[in-house]
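Colleague: Structure provided below as structure tokens; questions to follow.
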Amino acid sequence: MPRVYIGRLSYNVREKDIQRFFSGYGRLLGIDLKNGYGFVEFEDSRDADDAVYELNGKELCGERVIVEHARGPRRDRDGYSYGSRSGGGGYSSRRTSGRDKYGPPVRTEFRLIVENLSSRCSWQDLKDFMRQAGEVTYADAHKERTNEGVIEFRSYSDMKRALDKLDGTEINGRNIRLIEDKPRTSHRRSYSGSRSRSRSRRRSRSRSRRSSRSRSRSISKSRSRSRSRSKGRSRSRSKGRKSRSKSKSKPKSDRGSRSRSRSRSKDEYEKSRSRSRSRSRSPKENGKGDIKSKSRSRSQSRSDSPLPAPPSKARSVSPPPKRASRSHSRSRSKSRSRSRSSSRD
């Protein structure tokens with residue numbers, strides 16, 4: 001069961017006075033009075049918290065008493081063992097911090113900013129003062145700014161009551177000013193912000209995935225283009241080799257067919273040259289005649305032209321003189337055979 005320590009008690013205090021002092025804060029299970037101090041046992045821990053929050057520093061029988069949560073190992077049924085303190089009484093010399101005394105703070109969205117706060121006013125004093133309006137779950141003083149505090153309530157009605165009732169009241173010689181903190185008043189906004197952040201993160205992730213996909217697609221397209229170019233080049237080379245082998249394997253073709261093939265190769269070669277010139281000139285007219293465009297136009301002209309380069313002409317032209325020599329040798333052999341036949345006759 002929760003116990004509350006009462007210090008600085010008058011020696012004339014009786015149990016009836018303690019019951020009156022704690023009336024309105026729940027059911028009391030037991031009262032243990034000592035010389036100058038005592039303990040009160042509550043049925044509910046919430047009632048004990050409320051009593052500590054509101055009754056600490058209040059007057060009882062002409063004395064400002066200390067009301068705090070009792071801490072320490074229990075010796076017997078009558079009470080707890082506390083270290084000695086100067087001035088008598090069994091209050092512990094190891095005083096607890098304010099946060100331990102008042103319990104863990106609970107953050108809510110019903111928040112008020114307290115301005116013009118006295119520098120002597122601590123967060124405990126501010127919390128005790130604000131409990132007149134309702135249940136206070138969180139309090140801070142001079143944390144972010146000097147002469148400014150923060151109060152958070154359990155419900156919106158408590159916050160509204162404090163705003164209407166305690167705005168302009170005096171604490172430690174200063175009239176405080178209460179302002180509702182609107183950005184923190186609704187968790188829905190924060191939830192929507194977190195949702196929008198998650199949505200933006202999802203969008204950014206999807207965008208990054210799309211960009212990576214488009215990059216991979218562009219890379220695959222460029223690879224397929226380079227492969228098609230290399231295939232075109234290899235095909236053109238193979239075609240050139242085939243044409244060379246055909247020209248070598250058919251030395252007995254007529255002169256007319258040779259002239260036709262020469263004229264065709266010349267025409268197509270001139271066409272490919274004109275195409276490459278027009279493609280290489282077009283970027284210069286647009287103001288972007290770079291070296292890369294020239295190399296591309298050359299590679300495209302090479303892949304577009306199925307026939308081989310001019311050197312094939314020299315190889316295809318080379319066979320005629322051999323045939324001329326063969327015809328000369330045939331005429332000589334014929335003349336020799338005629339002369340032999342005439343000599344025999």
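Just so it is clear, glycine is given a Cβ too, placed from its N, Cα and C backbone atoms.
Annotations per Swiss-Prot:
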DOMAIN    1-72  domain 'RRM 1'
MOD_RES   Ser45  phosphoserine
REGION    75-102  region 'Disordered'
MOD_RES   Ser81  phosphoserine
MOD_RES   Ser84  phosphoserine
DOMAIN    110-183  domain 'RRM 2'
MOD_RES   Lys165  N6-acetyllysine
REGION    176-345  region 'Disordered'
CROSSLNK  Lys182  SUMO2 cross-link
COMPBIAS  185-250  compositional bias 'Basic residues'
COMPBIAS  264-273  compositional bias 'Basic and acidic residues'
COMPBIAS  282-293  compositional bias 'Basic and acidic residues'
MOD_RES   Ser299  phosphoserine
MOD_RES   Ser301  phosphoserine
MOD_RES   Ser305  phosphoserine
MOD_RES   Ser316  phosphoserine
MOD_RES   Ser318  phosphoserine
COMPBIAS  323-345  compositional bias 'Basic residues'
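Buried or exposed, and what's around them? Tell me for each listed feature.
Modeller: The Cβ of Ser45 (phosphoserine) has 13 neighbouring Cβ atoms from other residues within 10 Å, across all protein chains displayed.
DSSP assigns Lys165 (N6-acetyllysine) to a helix.
The Cβ of Lys182 (SUMO2 cross-link) lies under 8 Å from the Cβ of no residue that is in the same chain and 6 or more residues away along the sequence.
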Colleague: Rounded to the nearest angstrom, how far is the Cα of Ser45 (phosphoserine) from the Cα of Lys165 (N6-acetyllysine)?
Modeller: 28
Colleague: Based on DSSP, name the secondary structure state of Ser45 (phosphoserine): helix, strand or coil.
Modeller: helix
Colleague: For the domain 'RRM 1' (1-72), what is the mean per-residue pLDDT, to the nearest integer?
Modeller: 88
